[in-house]
């Protein structure tokens with residue numbers, strides 16, 4: 001796989017590696033179905049076993065039962081309009097995981113709740129500061145357009 005990722009929704013290759021390493025709990029260089037289940041469970045407690053299996057099947061490009069770094073990177077590559085549309089849908093799905101009350105905006109409380117479920121140690125004040133960094137309309141929340149801009153900040157959309 002090419003190391004030259006022209007655009008991706010997480011930013012730099014280093015950012016993608018950090019996310020991968022966070023998911024790869026046992027540091028074996030691959031994400032197992034159990035590791036994927038833990039991540040999905042933290043983000044969406046009502047996700048079914050079938051949804052987790054379907055996600056693994058979709059992301060496990062070589063069919064070996066694991067998601068390796070190259071497969072993980074491939075998820076974030078955006079190279080043409082059709083994959084850009086897919087990336088926008090993926091971003092919307094990610095946004096929806098944070099938008100717990102489904103009002104189209106992520107509040108500091110929602111961000112804090114999700115971060116806590118992921119095992120992140122951050123205060124509500126930390127979450128408010130994160131929100132403020134990308135809140136371009138000053139409403140104290142992040143809407144989808146602000147979320148999209150934040151996620152694509154290191155790439156040219």
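Every residue gets a Cβ built from N, Cα and C, even glycine.
Ca(2+) 2 binding, as stated in Swiss-Prot, involves 60, 62, 64; the candidate among 51, 71 given for that site is 71. Taking a C-beta cut-off of under 8 Å and a sequence gap of six or more, residue 139 (Ca(2+) 4 binding site) has these contacts in its own chain: 105. Cβ neighbour count for residue 60 (Ca(2+) 2 binding site): 18 (other Cβ atoms within 10 Å of its Cβ, all protein chains included). With the fewest other Cβ atoms inside 10 Å of its Cβ, the least crowded of the binding-site residues 35, 62, 71, 146 in this structure is 62. The Ca(2+) 2 site is set by 60, 62, 64, 71; from the centre of their CB atoms, other residues of the chain with a CB within 8 Å are 59, 61, 63, 65, 66, 67, 68.
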